[in-house]
Amino acid sequence: MQATQLLQSLPIKRIIGTLPDNIKDIAIDSRNVQDKTIFICIKGYTVDAHDYAQQAVDSGATIVIVDHELQLTGDVAQVIVEDTSRALGLLSAKFFDYPSKDLTMFGVTGTNGKTSVSTMIQNILQGLGVRSALSGTIGFNLNGIMYDSTNTTSDALTTQQMIFRAKAEGCRGMVMEVSSHGLVLGRLAGVDFDVAIFTNLTHDHLDFHGTMENYGNAKGMLFSQLGQDLEKDKHAVLNADDEWSAKYAGLTPYPIWTYALHNEEATFQGKNIRYHDELTEFDMVTPEGTKHVKLQLLGEFNVYNALAATAALYCRGYSLEDIIGQLEFMAPIKGRMQKIETGKLPISIFVDYAHTPDAIEQAIRAAKPYAARKIIFVIGTGGDRDKSKRPTMAEKASVADYVILTTDDPRYEDYDSIVNDLEKGMTHKNYTCIGDRADAVRHAVDIAEEGDLILFAGKGHEDYQIIENTKYPHSDAEIALIAAKEKFEL
């Protein structure tokens with residue numbers, strides 16, 4: 001691609017040196033640079049790519065995008081911009097010829113429920129024969145094939161590469177989990193969303209955003225970035241039971257579709273929820289009347305998720321009969337209130353991704369109908385992350401009969417520091433603190449009696465623990481099953 005054509009997408013402050021005629025590639029890692037590459041210097045949490053610009057030039061970079069002038073040697077042009085992260089998104093979109101414009105793009109944001117809603121939307125599309133892709137916490141799902149990813153919202157270059165790949169594979173739709181970090185850091189710059197979906201906003205990520213107001217405003221960027229072109233068929237889907245929805249509705253000129261369990265004015269409503277051993281039933285109030293729905297998914301929050309997915313697809317012209325028909329076939333989502341197959345074991349085991357106060361409360365509430373005796377709840381929280389939510393997490397966990405406080409990706413933080421913060425929120429004495437998560441899992445099984453339900457929260461689908469900066473294999477479900485079979489001699 002011509003360098004001047006590519007750079008037209010950027011608000012440039014200054015250019016130092018002479019631009020090359022053509023660019024063959026874009027890179028943000030100096031180790032991936034080859035001849036005629038444009039290298040974008042991104043400041044990360046621990047690494048500043050400006051420090052590796054010379055290495056990139058030595059490897060063949062002919063343009064570097066920087067936020068200040070660097071002392072570089074070699075045949076290279078420096079393009080100075082205000083925000084290199086946003087520049088990455090704009091350049092990547094331009095380089096891949098704005099692939100999102102050729103797909104129906106669904107963006108799902110919120111504290112809890114992003115993975116479930118995104119998975120529901122993609123599964124329904126796939127079930128209806130619509131080739132689709134999904135990018136989020138669990139990974140990159142391309143037409144049913146899963147690839148690993150490192151963040152809920154990938155960096156802007158990877159994002160555009162995924163969308164381009166989805167388009168090349170014949171996908172007509174793509175669903176993306178949209179994190180507040182991703183919005184603030186410009187990872188979604190250049191992505192043209194058609195439907196923006198909001199799940200809920202509760203306490204999380206204040207180590208990054210500082211205040212709930214900042215956190216909420218960050219989520220709102222998804223709606224303001226829908227644009228103003230009313231000739232486009234765009235929509236916003238909002239949770240009418242969450243007060244932030246009213247603010248988000250004012251950020252976009254496009255049609256608003258709402259869903260709720262308690263707001264009688266919502267477009268889609270969930271009523272008369274009934275819980276059974278393997279499914280959840282409810283009545284869905286819709287623009288076409290009330291429909292009966294059966295889900296192979298557990299918990300009130302999955303009713304919310306099903307309503308959000310239904311609204312998101314309905315507003316794009318899919319029929320209610322088709323949507324609901326696919327919802328009823330949907331298998332449980334990995335790591336989201338997932339009931340683990342225990343065979344003849346006399347206890348029940350569930351795993352969930354809950355790692356915020358609200359999600360913990362919802363998870364325990366969802367588990368209660370399935371506990372013959374007591375609920376043993378194992379909860380940990382990540383090290384070197386938002387410490388302000390820890391006491392509230394434990395306070396919500398106190399609803400369980402017995403609580404085990406532990407860690408979840410401790411990183412560089414001491415075990416005791418994490419569990420001591422959690423312990424401050426406990427409201428009863430029926431708990432213990434065990435810093436090592438594997439030991440905590442085994443202890444939960446050790447104290448479990450016939451009819452008890454153990455709920456492991458925080459890790460969900462993840463099969464690792466991050467200690468310092470290394471991932472070690474870890475599965476709550478696998479450890480629990482091994483311990484339970486030994487205990488009950490099965």
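Each Cβ is built from the backbone N, Cα and C atoms, and glycine gets one as well.
Keep in mind that TrEMBL annotations are predicted by a computer and have not been checked by a curator.
These figures come from a predicted structure and were not determined experimentally.
According to TrEMBL:
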- 23-81: domain 'Mur ligase N-terminal catalytic' (DOMAIN)
- 108-312: domain 'Mur ligase central' (DOMAIN)
- GLY110, THR111, ASN112, GLY113, LYS114, THR115, SER116: ATP binding site (BINDING)
- LYS219: N6-carboxylysine (MOD_RES)
- 335-460: domain 'Mur ligase C-terminal' (DOMAIN)
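Counting in whole angstrom, LYS219 (N6-carboxylysine) lies 12 from LYS114 (ATP binding site) by their C-alpha atoms. Annotation note: GLY113 (ATP binding site) sits in a coil segment as assigned by DSSP. Around ASN112 (ATP binding site), a 10 Å sphere centred on its CB holds 25 further CB atoms from the protein chains shown. A sphere of 10 angstroms centred on the C-beta of THR111 (ATP binding site) encloses 23 other C-beta atoms. According to DSSP, LYS219 (N6-carboxylysine) is assigned to a helical segment. Cβ neighbour count for GLY113 (ATP binding site): 26 (other Cβ atoms within 10 Å of its Cβ, all protein chains included).
If you draw a 10 Å sphere around the CB of GLY110 (ATP binding site), it holds 24 other CB atoms from the protein chains shown.
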